[in-house]
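Here's what Swiss-Prot has on this protein:
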type     : residues : note
TOPO_DOM : 1-78     : topological domain 'Cytoplasmic'
REGION   : 30-54    : region 'Required for interaction with prenylated RAB3A and VAMP2'
TRANSMEM : 79-94    : transmembrane segment
TRANSMEM : 95-112   : transmembrane segment
TOPO_DOM : 113-131  : topological domain 'Cytoplasmic'
TRANSMEM : 132-148  : transmembrane segment
TRANSMEM : 149-165  : transmembrane segment
REGION   : 165-185  : region 'Required for interaction with GDI1'
TOPO_DOM : 166-185  : topological domain 'Cytoplasmic'
REGION   : 175-185  : region 'Required for interaction with prenylated RAB3A and VAMP2'
REGION   : 175-185  : region 'Homodimerization'
Amino acid sequence: MAAQKDQQKDAEGEGLSATTLLPKLIPSGAGREWLERRRATIRPWGTFVDQQRFSRPRNVGELCQRLVRNVEYYQSNYVFVFLGLILYCVVTSPMLLVALAVFFGACYILYLRTLQSKLVLFGREVSPAHQYALAGGVSFPFFWLAGAGSAVFWVLGATLVLIGSHAAFHQMEPADGEELQMEPV
């Protein structure tokens, strides 16, 4: 009982990220480790969207500096903006949801089938990679009808506009030693 209270206090002290667990659908491995690293290096959203920190750059040199430093500094935040745009695109397109359901349903059926026995076609055993390629081929017409290609380019374009404008107009925090530098006249 006391150990549970200590764990609960530790979780409360760590904030929201301690209580938000990664979904069980993401298998342990490189993908999960990458996502955990992104979550660990995320910058505070309050400073990310602080309207007082937005201004127009004075010249092209400052614009380039802002782009490079903000993309480096807010990289994890930008990844989650990208994932949010993907989620928005999928949720607002019912046909794309159907296409994704068909694809993941076919993959799940193939997964269950390979647990029971090997799939044999024309006397040859079909590898799991070929089975998943077949699932992709079967669901391709659904993705084509759903306009998945345009959805991909919409997400990429919206991401570039949002991230590019944020990185260009968000003022950088002065680095150590940068405050004392004088500009040439």
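Note that Cβ sites are derived from N, Cα and C of the backbone, with glycine treated the same way.
Here the transmembrane segment (79-94) has long-range neighbours at 38, 42, 100, 146-147, 151, 154-155, 158-159, 162-163, meaning same-chain residues at least 6 beyond its ends whose C-beta is under 8 angstroms from one of its own. Restricting the average to the region 'Required for interaction with prenylated RAB3A and VAMP2' (30-54) gives a pLDDT of 82. Residue counts for the region 'Required for interaction with prenylated RAB3A and VAMP2' (30-54) under DSSP, split into helix (H, G, I), strand (E, B) and coil, are 18 helix, 1 strand, 6 coil. Across the topological domain 'Cytoplasmic' (113-131), DSSP helix (H, G, I), strand (E, B) and coil residues number 8 helix, 4 strand, 7 coil.
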